Each structure stands twice: as structure tokens, then as C-alpha cells.
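See below for the structure under consideration.
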Amino acid sequence: MTIETSNMSSHEPDLAEDEKRANSETIHPTLSPALALLAPILSNSSTTFASYSSQIYFQKDQTLRAPEITPNLAKIESSARSRLPKEAYNYAAGGAGLESTVKANREAFNHWRILPKMLHSVLPERNLSRKIFGRYIPAPIASLSNAESDVLAVMAPIGVQTLFHPTGERAMAKVFGEMGLPYTLSTASSTGFKDVATANGDGNPRWYQLYWPTVDGLTQSYLKSARENGYEVLVVTVDTWELAWRPRDLETGYFPFIQSIGTQIGLEDKYAHSQLGFDPLAEGATLEQRKLASLYHVVTTSRGVSPRWENLKKLRDWWGDGPIVLKGIQSPEDALLAVKFGMDGIIVSNHGGRQVDGAVGSLTCLPPIVDAVKGKLTIGFDGGIRCGADIFKALALGADFVQLGRPMLWGLAHDGEKGARHVLKSLLADFDLTVGLSGHQDLSTVDRTAVVCPP
Ligand code: GLV
């Protein structure tokens, strides 16, 4: 449809204060006020995260087609479950022991409730940006395809993604790149540094997660590859130097890495080749060699030898000035040690309940850690986020950013890149709407006064 334009300035004297402000900030200046208000909807060009919901309603109105993928993330998980081999679903869905920590992660969110505030002059284009490790986006979120978007949500470093869809890490990295949100590549990736970087796109924020090898030469080599391929932030997982007791996987003896799935970083590594005496990906390499190389990768990264605080200095020397973040911190004491040992950030996480069964829910750990180190470290949060309100609660309790994990995998398993994109857009739309409807124009007021913990 063609939209006629007229000069809006002749109407200005009649506008009330708020309307004037809204128009000056959100409406195209050459359209009549009425058409200008409708323009983003009619042209489907509204670019806030929240507009994903109006796009769905208007698409139904115009095409009579309901959305291709349900917005109900629990249904997307059910669909993933029905599509995936049982072992693959269980590997991702499961946790350590009785899975009480997986449950505690979700329960912790129910203890906190949002306290909405009304009549606070909220506009559609909310500023959800944050400065994280030097990436700063001063403008409100304006475009979903703007590579310089904010970084409040980060892809959790999930490995072996080709288990869930053949496009695996490539699809996921592409979707995060499109949104300008950081993609974190896992050391247990089934796709290598370069291929993920290419899929993610030039200039997009990429982070690298290290399972810290017990062989220094290997660690240095992984870090070098990460830097050469544009990974800017080093995330060191400190809670998974050995796999926990995981009955779902043990029941079927399922361990994908033995089948050379999730070992691509090791298979491609030149230092590993020098130690093995062969390149397992070279033409003519045997399956046996590939398997040996995969086992070498696994054994060097999860050998049951815990990393030590004192050794962080080595990582700093090898990584240089770039940000280093410790993932898997649960206690204020460890958070303070992270400050002492010169870290730039921590991620409050219990590995999605996959490591210590019986551990406290991750969100419960957040406030005391924030009280101990806020302002000294950038604080990420991971563990149990399933909706926009969860993101809101974690930020209100002091996290600077959150990580999205299992829901993204279920989207990928449901429909590859399309499914992952849909889940990410749904979570961000839900979050954006929650921020606005709770009375906030930006994140500066999303603090502890925005949530309550009923007795
Ligand atoms: C690896 O990170 C796992 O949790 O299986």
C-alpha cells in the first residue's frame, strides 16, 4: 500500500507533551501523524524486539496463516524431543544425579516476582543496550539486523550442536550474528573456529569458551586459533574439568565425543597433529586415527585435573589484554578471587545443573555475588532461562548479561536455523515487552527495586 505524506509540523501545536515526545523519537517526520503511526505496522518495518509479536498478528490477518512455529517454547522442546534420537535429547536435557540442580535452577526463578510500575512514560523503542567488554551501542535497539546491537543476551557455549541438527553451530552462529548478539563457541564444538566465524559473519561479536587443556601447548594453540578467527572474549569454564555422574547418559553408555562428535576443535588443531604424529583430517587418514585424535582432545580437556587459580596468570599471558571471563562461579568467595586474579568477568552458572547434583539454584547465587563484586567485574548469568521474565529477573538482580542455552538447542532441533532464529526472537520480544510493561524505558531502572521476593 502507498502511504501519502504530508508535513507534520502544522499539527505540532495541538500535540500533548507525551505525544510530541513520542513522535519526535519514533515517527517518520514526513508522514501525517495518523499514517505515521500506522506506517511501521503496515510496512512491517517496525524494528524493535517487541514488534515480533505484532508481526505475527498482522501476518495472520493478511495471509490467514498462523505462525509457522509456535511461540510456546515448551512445545518446541516437545517437538525437538520427538525429532531427536533419544540419546541426543537426553544428553542435552539431562543433568547430574537426580537432576535436582536442574530443577533448582527453575525454582529459583519462581521465588522472585516482578513488581510492575505504571504511568512511567514508556515508549515503544526501548533502550536495552549495555556496554559489555567494550562493545557499546549508544542508540536504542533500532534494527534487528544491525550488527552493532546490544549484548545483553549471549549464546551459551553449548557443544556438539550437530547432534541436534546437521547445520549445528553454523546455523546458531549465523542467527546470533544477524542479531548482533555474541555467539560463544565451545571447545566441544562439532564445527571448527573458522567455519563458525564465517557463518557468524564479519565484525559480529564472537566469544570463545575454553575447556582448559592439561597440555599447555594445546591451550596456547586453541587460544591462537580463537584470536586469529576474531573471537574477542575468552570464557573459561571452571566447573567441568571432569564430567559428573549423569544417569541418563550412563544408562545407554552415550558419550558423543567417542564417536568423534564435538571434537572438531581438537581434530583441526596443528599442535595436536604434532603431538599425535598425524593429521586426522588429512586425505587418507583412517577412522581409527580420527578416533584417537578425538580421544586425545577429550582426555586433554576433561581429565579429572581441576584448573587452579594460580594458573590463570598463564592464560592472561597467552590471551593478552582481551577480556577473560570465568564461567561456573557460584560463591562470593570465588567471585572475589576472580577479582584478585585479574579476571574481567564471571558467569554465575552451575552448568545447567549438569555437574553438581544438589547444588543451589543459579539465580539464588546471583545476589550475594553481585553484592560482593558489582563494579569490579562484569557479571553474566546462566541457568534456567526460559522466558523474557527470567531475563528481566536476572538483570534486575544485578547480572550485566545472560546466556541462553537449552531453549536455543530445542529451536535448532525443531527447525534448524529457522527454529533457532524464532526462539531467539521470541525470547527477546518477550523480554522487551516485559521491560516496557513493567514500567521501564531502559535497563537503568531494572534493578532490585523492580523485583520482590515474597515470603
Ligand atoms: C559439556 O559441557 C557437558 O555439559 O556435557
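Even glycines carry a Cβ here, placed using N, Cα and C.
Worth saying up front: this structure is predicted, and the values here are computed from it rather than measured.
What TrEMBL records for 1-24 is region 'Disordered'.
As annotated by TrEMBL, compositional bias 'Polar residues' applies to 1-10.
Feature annotation from TrEMBL assigns compositional bias 'Basic and acidic residues' to 11-23.
As annotated by TrEMBL, domain 'FMN hydroxy acid dehydrogenase' applies to 65-455.
Classification of TYR211 (glyoxylate binding site) by DSSP places it in coil, neither helical nor stranded. The glyoxylate binding site feature in TrEMBL is assigned to TYR91, TYR211, ARG246, HIS351, ARG354.
For the recorded site, ARG406 (FMN binding site), the DSSP three-state label reads helix. A 10 Å cutoff on Cβ-Cβ distances gives ARG406 (FMN binding site) a total of 19 other Cβ atoms nearby, all chains included. The FMN binding site feature in TrEMBL is assigned to 157-159, SER186, GLN209, THR237, LYS327, SER349, 382-386, 405-406.
Within 10 Å of the Cβ of HIS351 (glyoxylate binding site) there are 24 other Cβ atoms, across all protein chains. In the three-state DSSP assignment, the secondary structure recorded for HIS351 (glyoxylate binding site) is helix. According to TrEMBL, the active site, proton acceptor annotation covers HIS351.
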Predicted model, mean pLDDT over the domain 'FMN hydroxy acid dehydrogenase' (65-455): 93
Three-state secondary structure, which DSSP defines for LYS327 (FMN binding site): strand
Binding-site residues whose CB lies under 6 angstroms from ligand 1, from GLN209, ARG354, GLY384, ARG386, ARG406: ARG354
Local Cβ density at GLY159 (FMN binding site) - other Cβ atoms counted within 10 Å: 24
Set of same-chain residues at least 6 away whose C-beta sits under 8 angstroms from TYR211 (glyoxylate binding site): SER186, THR187, ALA188, THR237, THR240, TRP241, THR301, SER302
Cα separation, HIS351 (glyoxylate binding site) to PRO157 (FMN binding site) (Å, whole number): 10
